[in-house]
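Trainee: Provided herewith is a single structure, encoded as structure tokens, for subsequent inquiry.
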Amino acid sequence: MLFSELVEYFERLEKTTSRIEMTDILVSLFHKTPSETIDKVVYLTLGVVYPEYVGLELGIADKLALRALKQVTNITDKQLSEYMAKLGDLGLVAETVITKKEQMTLFSEPLTVEKVYSLFEKIAKTTGEGSIDLKIQILAGLLAQASPKEAKHILRIVTGKMRLGVADMTILDALAILYGGSKDVREHFERAYNISSDIGLVAKVAATEGLEGIKKFKISIGKPIRPMLAERLASADEILEKLDGKGMAEYKYDGERMQIHKSNDKIIIYSRRQENITHQYPDVVEEVKKQIKAKETILECETVAIDVNTGEMLPFQELMHRKRKKEIEKAIEEYPVNMFFFDVLYIDGEDFTVKPLLERRHALESILQESEMTRLSKAILVGDKETLERFFEEAVAAGCEGVMVKAVGKESIYRAGARGWLWIKYKRDYKSEMIDTVDLVIVGGFYGRGKRSGRYGALLLAVYDKTRDTFQTVCKVGSGFTDEDLEKFHQMLESLKLSHKHARVESIMEADVWFEPKIVIEVIGAEITQSPVHTCARDKIKKDTGLAIRFPRYTGRLRTDKKPEDATTAEEIIEMYNRQLKKITEAEKVSV
Ligand code: ATP
């Protein structure tokens, strides 16, 4: 196919903003395109060379593109920048200056779509030392053969500025009309797209195998499936009503969603946006190889950073450490992760997206061997409001954002790329920062691991309860300590070590070492949450439930001016909790 023909269509598309008209133009374009070229035509129309998940971009900066242009036109830098200032668009500059060039050189053979595409591929794949010069050379070679209009679009594509306004969805419409007879069959095309994230491939299958091919379109390992998304409701009542009274509730972990593709020992990890993030998580790759028993499978999990010393979940921002290429090894050690698997979409040739949730869950359980790092999302079946509320509180206490409640009926398939009522998120709609710091008493310690071995990795902290004259645990703190702090605490606590829990300490948690309650330290946290494992204000709000500080951090201040009885009291924590609640609603108030 001649590139000039495609360019004519680009020109037509550029002139319209009407989606209907665009669809018509695309139908006519696809009709004219040979089936072996249609994927390339689709990518180029979208201004790319590959589907996004491949992660290969042309990546030519404007400055470099101008250099290539200069090479083929003998135009001066000054003139080029004048044109740029006047026209404001590299494509238009190319169109103008190439016209001038035409008088000087005759371009030989006409460009074909295949030729242009293969040179684009070459540009995208050229990496390493000297690659920039090479890219410019290839581009200049291409421009030397291009007509003014062709040059305009070539430059827009290579600089990532092809903005014809064509959306993926418009392309699906055009494919449905051309190969399926009407837009009514679009859902089949949409599904093909949602399970492959590759619109070029969908076009190719449509062009070669027609609607039947699209209907038979299959999931394949390596092609990311667009994620199923959830709607949101604010109360257990509403959720259960929406789900006809029953569902599966799961902890809603606050980390990074991963879609993991496994084919024997080859593992690819895709992000929620279908970017390939495998290189950020070599530890996950190794773990998946060990713990997942299926040969070929596609799984979904939420990956959460864990405090090495407390074992508690960290805020999702801590995964940022994985984004810096040079620091990944360090991040693996300092910010290890846990994966909480919640779905399976494909196992050894079988498409599981079409199966109801509980069947998928059973399959997931059967291929996953749990370990410290590899877990199943915590889940229960719920049929009443109280159970759901209790589970929700438990999830929050465990460091989660809330829960996901999912439909369990026959209809509960995995709907790729869709946001719907089969999954409902139930999060707390407030995020209150703890404004005040609290002063807490050290009552226990946990042996450190990794960099902290030989010292305490985390400390068990308590508030003071005036009425009972006891110290009640409220959090385990592992963050905020410098190396010097760790050394200092280790020494200071040496003389306070006890062989058993102090009689005035109330704790459900078992510390590695118990201390005489003496040292008071200042701590700041994110908020106060209900907790089944801490004894602060236990049974005051709810039976068998206490209060805890979420994401506690040592501020660096040792309160040597305070006696343990001067520490923050359980009553004060209840007040803080109440103030937090008040921000959302006056209801559910707790009396001190
Ligand atoms: P969305 O993904 O719905 O567009 P978002 O990115 O803002 O929204 P949330 O609204 O917080 O995320 O909730 C959905 C996300 O929760 C999922 O995309 C997934 O990453 C995460 N998640 C955590 N635990 C689970 C679970 N058990 N089941 C499904 N998703 C979970």
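Glycine residues also receive a Cβ, built from the backbone N, Cα and C atoms like all the rest.
Here TrEMBL flags GLU250, ARG257, ARG272, GLU302, PHE342, ARG419, LYS425 as ATP binding site. The active site, N6-AMP-lysine intermediate feature in TrEMBL is assigned to LYS252. The feature domain 'ATP-dependent DNA ligase family profile' is assigned by TrEMBL to 330-465.
Explain the structural surroundings of these features, please.
Mentor: Its own atom aside, the Cβ of PHE342 (ATP binding site) has 26 Cβ atoms within 10 angstroms in the protein chains shown.
For LYS252 (active site, N6-AMP-lysine intermediate), other Cβ atoms within 10 Å of its Cβ number 22.
Using DSSP to sort the residues of the domain 'ATP-dependent DNA ligase family profile' (330-465) gives these counts of helix, strand and coil: 32 helix, 55 strand, 49 coil.
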Trainee: Going along the chain, which residues six or more apart from GLU302 (ATP binding site) have their CB under 8 A from its CB?
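Mentor: Listed in sequence order, they are LYS252, TYR253, ASP254, GLY255, GLU256, ARG257, MET258, MET339, PHE340, PHE342, SER377.
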Trainee: Around ARG419 (ATP binding site), how many other CB atoms lie within 10 A of its CB?
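Mentor: Its Cβ shell of radius 10 Å holds 13 other Cβ atoms.
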Trainee: Name the residues of the same chain, 6+ apart in sequence, whose Cβ is under 8 Å from the Cβ of LYS425 (ATP binding site)?
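Mentor: Non-local contacts for LYS425 (ATP binding site): ALA230, GLU231, ARG232, LEU233, LYS252, GLY402, VAL403, MET404, VAL405.
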Trainee: Where does GLU250 (ATP binding site) sit in DSSP terms: helix, strand, or coil?
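Mentor: In the DSSP reduction, GLU250 (ATP binding site) maps to strand.
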Trainee: How would DSSP class GLU302 (ATP binding site) in three states?
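Mentor: In three-state terms, GLU302 (ATP binding site) counts as strand.
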Trainee: For GLU250 (ATP binding site), which residues of its chain lie six or more apart in sequence with Cβ-Cβ distance below 8 Å?
Mentor: PHE342, SER377, LYS378, ALA379, VAL403, MET404, VAL405, LYS406
Trainee: Determine, from DSSP, whether ARG272 (ATP binding site) sits in helix, strand or coil.
Mentor: coil
